[in-house]
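What TrEMBL records for 247-327 is domain 'Shikimate dehydrogenase substrate binding N-terminal'. The annotation domain 'Quinate/shikimate 5-dehydrogenase/glutamyl-tRNA reductase' is assigned in TrEMBL to 368-438. Sequence annotations record features per position, and here TrEMBL assigns domain 'SDH C-terminal' to 488-516.
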Amino acid sequence: MDVNGGEMRKNPTLICAPLMADSIDKMVTLMAKAKATTADLVEIRLDSLKNFNPFEDLNVLIKQSPLPTLFTYRPVWEGGQYDGDEKKRLDVLRLAMELGADYIDVELKVAHEFIKSIGGKKPEKIKVIVSSHNYQSTPSVVELGNLVVKIQSTGADIVKIATTAIDITDVARIFQITVHSQVPIIGLVMGERGLISRILCTKFGGYLTFGTLEGGVVSAPGQPTINDLLNLYNFRQLGPDTKVYGIIGKPVGHSKSPMLYNEAFKSAGFNGVFVHLLVDDLEMFLQTYSSTDFAGFSCTIPHKETAVKCCDEVDPVAKSIGAVNCIIRRQSDGKLFGCNTDYIGAISAIEDGLQAGYNMSSAAGSPLAGKLFVVIGAGGAGKALAYGAKQKGARVVIANRTYERARELADVIGGDALSLDDLARFHPEDGMILANTTSIGMQPNIDQTPMPKDALKYYSLVFDAVYTPKITRLLREAKETGATIVSGLEMFIGQAYEQFERFTGLPAPKEQFRRTMSKY
């Protein structure tokens, strides 16, 4: 087992840094950067170079590289930048091989001829990767299996298949191919819906993954940074037995849950990884990833209500709310259990805010009792807050863009309904409580607010479930009008305590959660 960065590796999957630069000097600088990140090898994209003198430049790159080298000279017809003579291109790859490259990447279309042409001249140490890229979709398992056989038949040392995810369930087919492969295989799925392929290849036995030196500079869509692979996902610590958890949503990239849980998993020595899951169809996702290795999920907008229908068993509270934000897959029989930890997190954060604002003792029952509690939004989080406030003795009013949805929820929990347009003029009393549960004001739309500032003076406390940014426009303006404000971060941390305990069976590291979130 390799020791890297002072930690034992639990998997042999390599991290490769793809390098794209227009000059040799820049390439050499990037190589040093890659070495500093503890990447295992570099992919040199020769097609990104502007002026390229093969003999002398390849010599420099191979001699100067502090890491093993993989040379790729990707032509336009396979998604690259090289648009010249094909014979010249293949001559360059042969030359790289003779000068001491560790790997070369050859496209399937030309691999048979190329490998035949090198015959017995192939140096002992070099490995030839034969690659196939599909920028449209991910074929069926049968087609992928045939593709592997076809690539193998060229004489490839390593099979590389890159496909595109139209849906996150596409990735499952690549996992299936990877885990059953008898040959070294790189199986990656491009695009945001394919991100898990780049992290969980450690679990399913992929030969390598690509990680970029910095965010935004990618050689294929959806690549994570090396820093995220190592420090956010604990890449070196993942293995065949690692349990997979994740946040299911759409959008989901903004979620800080992976930072929170992965850090806590690592500290607790818990063999799990927590990933972003961009899911379009919840039912299809849960049916596809049905093994007990996919052990638990946090559920966010817009899937909380659908989740109730997708679980085999639902906690009574979650059932009355009509929303599930936490799904656990029972290890004994693979059945799905749904519960709701949202309302606990939000309501206790609001109670704490009220107690601090009025110096009340917590002995006197809930500070919410008898208060007028206005909830903006009738989705999963809105339902949870309305239910929780009602339980604590508040009088609840639901405001929603479409009045019908507000009315529906109000009838179920026993409260009043308004359309969002009428809310600004709603002022039956002072000292009301306002809770926004919509995504209005969430990044990137940080200049939006569900409520004009002058209407906020009727409220003594304002809560916003949005926590990216931490202080939304709504909260900033509420503070300026003198209200106590409670950030969505408080709800986020509160609901995460209970989820962590349900995921791991271990006590939640509350102090650590606060520390992690204070960094953001």
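Glycine is treated like the rest: Cβ placed from N, Cα and C.
Since we're looking at a predicted model, the values are computed, not measured.
Within the same chain, residues 245, 256-257, 259-261, 263-265, 267-268, 270, 272, 295-296, 298, 325-326, 328, 339, 341-342, 344-346, 348-349, 352-353, 463-467, 470, 472 sit at least 6 positions outside the domain 'SDH C-terminal' (488-516) and bring their C-beta atoms closer than 8 Å to a C-beta of that stretch. The average pLDDT the prediction assigns to the domain 'SDH C-terminal' (488-516) is 93.
Per DSSP, the domain 'Shikimate dehydrogenase substrate binding N-terminal' (247-327) is made up of 32 helix, 20 strand, 29 coil.
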